[in-house]
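**Student:** Among the features that TrEMBL reports, domain 'Ionotropic glutamate receptor C-terminal' is placed at 229-603. Per TrEMBL, L-glutamate binding site is recorded for PRO323, THR325, ARG330, SER496, ASP540. The transmembrane segment feature in TrEMBL is assigned to 369-387, 439-465, 624-648. Residues or ranges marked as site 'Interaction with the cone snail toxin Con-ikot-ikot' by TrEMBL: ARG502. The feature disulfide bond is assigned by TrEMBL to CYS552-CYS609.
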Amino acid sequence: MIVEFEPKLDSFAEHLIEMKTAQSRVYLLYASTEDAQVIFRDAATYNMTEAGHVWIVTEQALSAPNTPDGVLGLQLEHVNSDHSHIKDSVYVLASAIIEMRQNETITEPPKNCDDSGVNWESGKRLFHYLKTRNITGETGQVAFDDNGDRIYAGYHVINMRPKQKRQIVGEFYYDPAKATMRLHINDSLIIWPGRQRKKPEGIMIPTHLKVLTIEEKPFVYVRRLTDDEVACVDDEVPCPLFNNTNGVENDYCCRGYCIDLLKALSQRINFTYELGLSPDGQFGHYILKNSTTGTLPSSPPKKEWTGLIGELVNERADMIVAPLTINPERAEYIEFSKPFKYQGITVLEKKPSRSSTLVSFLQPFSNTLWMLVVVSVHVVALVLYLLDRFSPFGRFKLSHVDSHEEKALNLSSAIWFAWGVLLNSGIGEGTPRSFSARVLGMVWAGFAMIIVASYTANLAAFLVLERPKTKLSGINDARLRNTMENLTCATVKGSSVDMYFRRQVELSNMYRTMEANNYDTAEQAIEDVKKGKLMAFIWDSSRLEYEASKDCELVTAGELFGRSGYGIGLQKGSPWTDAVTLTILEFHESGFMEALDKAWIFHGNAQQCEQFEKTPNTLGLKNMAGVFILVAAGVAIGVGLIIIEVIYKKHQVKKQKRMDIARHAAAKWRGTIEKRKTIRTSLAMQRQYNVGLNSNPGTISYTVDKRRYHRLGGGSRVPEKAWLGDNDMLRNRRYLDPAFKPKHSPKVHGPMLGKIKHSGNLMPPKYSPGYTSDVSHLVV
């Protein structure tokens with residue numbers, strides 16, 4: 001610590017209080033005699049001049065009247081020999097002028113020294129010759145540096161004794177043999193502050209340290225105390241979080257890999273600690289700030305650290321016990337112990353899984369193959385139908401059953417047979433009968449066996465067997481180096497991994513893409529990897545291996561790169577660095593660090609994940625839901641078809657009823673006609689019977705008809721031919737009717753009409769009963 005103060009102050013207590021908090025107990029004082037007197041007075045008030053402290057002062061401060069006992073100071077040799085100093089200085093000046101006169105011409109100097117516009121070049125050359133002097137005079141070796149200051153001046157080391165006595169305990173002198181200055185001190189002659197003969201340590205080693213950590217599973221687990229809890233449990237350590245923004249301190253409890261390491265260190269090297277969490281929740285990164293102000297010339301920007309590193313650099317903490325990666329940027333500002341765990345950088349991703357869709361059961365075959373199978377079923381069914389239908393041996397009789405001819409295979413039965421053979425279902429009926437069709441059926445059965453066996457084997461490969469382990473091959477994967485839109489990768493802002501990517505020129509393109517996706521904490525990134533929002537998370541291998549062992553759905557991809565280690569951070573020049581390093585090396589040799597790895601990082605889950613990978617996946621509803629949906633669709637189609645069949649059947653029944661009613665009416669009408677015919681036949685038979693009895697060639701109906709239709713009487717026509725036939729009468733009456741206009745030519749109907757004689761408008765009745773005396777065809 002360097003403290004600059006205003007001269008001639010009445011009190012230096014404020015500066016001394018600030019110095020008292022430092023670990024160092026060695027004070028280098030450069031002050032005038034007056035200021036040194038005030039500083040010694042205030043230091044004595046705060047017991048800073050007692051045992052354990054060391055004061056090294058300049059010659060002026062050594063002359064203060066109240067210089068404490070044990071103070072060490074420097075005093076120039078021959079300090080009181082003015083004659084010797086003047087003699088040496090004149091000799092140096094004379095030798096420089098002589099050498100200059102031999103080599104150069106000395107010009108006349110300016111008359112007035114106030115004339116700043118005149119430069120005496122010979123004066124500059126003389127100054128150059130003076131700086132090159134190196135002589136041995138009465139005051140020792142006389143030589144100068146580039147600025148003209150004397151070097152190789154000899155000093156006495158003075159030790160203040162009681163009553164302001166000065167004791168020479170050593171000297172700083174010039175060694176001509178090696179042409180360098182040497183220091184010789186007789187430690188046995190020195191009396192240290194507090195009148196101690198033993199040399200003090202010069203530092204105050206604090207035994208109570210302020211230790212900081214950060215939440216990073218599995219190294220540090222953080223749990224907040226609830227309102228009902230008063231203290232942490234046995235395996236936890238209180239680790240309050242002090243919020244710099246609002247000044248509120250929250251109570252938390254910490255446990256984990258680093259907490260167990262901290263406990264072991266404190267017991268082994270004997271210190272107590274006060275644990276706290278990182279105020280901003282980050283490991284820390286540097287921010288470049290320009291320190292130039294006003295018109296001063298520009299200077300390099302200054303690095304200001306945040307997070308845990310910032311707390312250590314600003315001396316607000318003594319130690320960092322966390323998974324702190326050792327890298328050059330941090331090692332420039334803080335001390336690191338030897339690594340307590342070696343690790344590297346790797347990539348975390350979610351294991352690729354086969355997409356289980358509703359049609360997962362169709363994945364073993366391509367769409368083209370499925371279409372060919374369906375087409376083949378119906379083509380074979382059609383060929384079977386044609387072969388069985390047109391084969392001369394397709395129909396034959398079963399002599400041992402009955403004598404009726406067996407039906408040939410129809411198209412519906414052929415389709416049913418083809419699907420039944422393919423799906424390995426029993427075929428009860430509708431099998432081919434001809435030899436040619438049966439040969440095709442056997443070939444189709446062999447085809448079905450091969451298709452079903454291939455489907456079964458390939459279904460197991462798609463739905464049951466081991467999945468591919470990773471999608472990425474590692475950091476050198478081309479998809480990471482040239483990031484695509486559907487592949488996002490990220491790390492944690494300001495972390496050691498982030499710094500690693502900044503340093504690597506070959507990863508600059510990848511880093512520019514990552515920088516926009518980086519997360520504040522590793523927990524957020526790992527959660528997004530599990531959800532599938534983040535494809536690849538690049539982070540320390542120890543943490544990612546822990547996450548992969550805890551969740552078998554996660555996996556680390558590729559080999560480690562950027563290998564480094566986790567170390568314990570300490571302040572620059574901390575007295576605890578060597579002790580912590582030696583203790584960590586002992587822990588590695590004794591197996592303590594390996595025990596921490598098994599207890600906190602692996603958790604014994606690595607073997608479970610390995611066994612899980614070797615075990616085939618169990619098929620669930622998600623994999624086979626499509627089959628059930630297919631069955632449900634078949635049921636729905638069947639129900640739909642049966643509804644259509646019922647509706648069609650009802651329509652057919654109604655149509656059949658109408659046909660039955662029409663047939664019944666027609667039958668009834670036909671019955672009536674037949675009944676009438678039967679009555680007429682009976683009457684005719686009766687008349688025939690009466691003729692036979694009376695030998696009267698006439699009949700009753702003939703007599704009546706003769707009376708009504710007198711035109712029928714006479715002539716040579718016999719009674720049975722008195723009336724024209726029914727057909728002739730109906731056909732000819734149309735031509736006797738004046739209202740009727742014949743459609744045919746008179747040449748056709750003329751001869752017929754000429755044979756018909758009629759008188760006036762008298763016509764036979766339209767519905768005259770047919771009559772004939774020949775009823776022999778009715779007699780049975």
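Cβ coordinates come from backbone N, Cα and C, glycine included.
Note: TrEMBL annotation is automatic and uncurated.
Situate these features within the shown structure.
**Tutor:** For PRO323 (L-glutamate binding site), the number of other Cβ atoms no farther than 10 Å from its own Cβ, over all displayed protein chains, is 25.
Note on the transmembrane segment (369-387): residues 362, 394, 409-411, 414-415, 417-419, 422, 432, 434, 436-437, 440-441, 444, 447, 451 of its chain, located 6 or more positions outside it, place their CB under 8 angstroms from a CB of the stretch.
Of all the Cβ atoms in the protein chains shown, 14 others lie within 10 Å of the Cβ of ARG502 (site 'Interaction with the cone snail toxin Con-ikot-ikot').
With a 10 A radius on its CB, CYS552 (disulfide bond) counts 16 other CB atoms from all the protein chains.
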**Student:** So of all those binding-site residues, PRO323, THR325, ARG330, which one's Cα sits nearest to CYS552 (disulfide bond)?
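**Tutor:** Going through PRO323, THR325, ARG330 one by one, the closest to CYS552 (disulfide bond) is PRO323.
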**Student:** Applying the rule Cβ within 8 Å of the centroid of the Cβ atoms of PRO323, THR325, ARG330, SER496, ASP540, what extra residues of the same chain belong around the L-glutamate site?
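**Tutor:** Going along the sequence, the neighbours appear as PHE283, LEU324, ILE326, ASN327, SER495, VAL497, SER564, TYR566.
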**Student:** Please give the average pLDDT for the domain 'Ionotropic glutamate receptor C-terminal' (229-603) in this predicted model.
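**Tutor:** Average per-residue pLDDT within the domain 'Ionotropic glutamate receptor C-terminal' (229-603): 80.
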**Student:** Same chain only, sequence gap of 6 or more: which residues have a CB within under 8 Å of the CB of ASP540 (L-glutamate binding site)?
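**Tutor:** In sequence order, the residues whose Cβ lies under 8 Å from that of ASP540 (L-glutamate binding site) (at least 6 apart) are PRO323, THR325, GLN343, GLY344, ILE345, THR346, SER496, VAL497.
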**Student:** If one looks at the chain holding ARG330 (L-glutamate binding site), which residues at least 6 apart in sequence have a CB under 8 angstroms from its CB?
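**Tutor:** Looking at Cβ-Cβ distances below 8 Å from ARG330 (L-glutamate binding site), excluding near sequence neighbours, one finds ILE309, LEU324, PHE336, SER496, GLY569.
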**Student:** Among PRO323, THR325, ARG330, SER496, ASP540, the annotated L-glutamate contacts, find the widest CA pair distance and round it to a whole Å.
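**Tutor:** Site span for L-glutamate, by Cα atoms: 17 Å.
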